[in-house]
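Asker: This is the structure I have questions about; it appears just below.
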Amino acid sequence: MFVLAGFSLLVLLQFWMTVRPLVEVVRLGLVPYKEGLRLQQVYVNRHRSGPTHALLLCQHLPVYTTGIRHKPYPGPLLDQLRLLGADVHRTNRGGLITFHGPGQLVCYPVLNLGSFKKSVRWYVSQLEKTIITLCGRFGVEAASSPHTGVWVGDNKICAIGIHCGHYVTSHGLALNCNTDLSWFRHIVPCGIEGKGVTSLSREMQRDVSVQETIPHLLDAFREQFNCQLTEGETPEPEQNFGVSSA
């Protein structure tokens, strides 16, 4: 009976391992924001022929992005932001204005929630838990709040803004690792007055790079989404404008 019970447990464990969704990790490097959008759409389109989950990791060249909750910015303000050396893009994600740039780990999960749980609220919560878990591994106490994203006290360390169509997700999260936080001084991040921004480097009082952070992100994502991860192919050189691994 013990052998049979042990054998049955092993079979169940192997079955559980095989039914967990398989998510392809795609490392894009440092890319312009528009290229990140294009590649997201490539992976979104793959879901038309069945679930093919992907986790796109990248950094962006300096860019300010606004979400669908944001009214169009007046032209003069856009010009001021561009004079700083950043692009400006209006997107179809949720949320308000934020900044992306080098030193920020951007993660775009392209998932069919039908393979996980068909709940956008659950999905956003799992993203928050992923980053809270990651921060905990660095000894940084982070938490969610009524304001979307992940916070260390009154300072946001990770912005979250998603799009979900037919339960297929795009956009995602942006975690400040060793980002130049001065870019945020020119906006009200995510439209939240009286709050600040921070980074892993600031909280740790040492340089914490994107490359150092990625393994912790992958471990936390695997844990929170109960999935398997596999390395995917990097896009062809003509599609990849990166200058370093994401």
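A Cβ is built for glycine as well, from the same backbone N, Cα and C atoms used for every other residue.
Quick caveat, the model's predicted, so the values are computed rather than measured.
Just lifted these from TrEMBL, have a look:
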type	residues	note
DOMAIN	49-229	domain 'BPL/LPL catalytic'
BINDING	R93, G94, G95, L96, I97, T98, F99, H100, A159, I160, G161, G172, L173, A174	substrate binding site
SITE	K156	site 'Lowers pKa of active site Cys'
ACT_SITE	C190	active site, acyl-thioester intermediate
Asker: For R93, K156, listed as recorded positions, tell me which one has the smallest number of other Cβ atoms within 10 Å.
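Answerer: It is R93 that, of the recorded positions R93, K156, has the fewest other Cβ atoms within 10 Å.
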Asker: Can you tell me how many other Cβ atoms are located within 10 Å of the Cβ belonging to A159 (substrate binding site)?
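Answerer: There are 25 such Cβ atoms around A159 (substrate binding site).
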Asker: Express the distance between the Cα positions of K156 (site 'Lowers pKa of active site Cys') and L173 (substrate binding site) as a whole number of Å.
Answerer: 12
Asker: Please give the average pLDDT for the domain 'BPL/LPL catalytic' (49-229) in this predicted model.
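Answerer: Average per-residue pLDDT within the domain 'BPL/LPL catalytic' (49-229): 91.
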Asker: I'd like the number of other C-beta atoms within 10 A of the C-beta of L173 (substrate binding site), please.
Answerer: 23
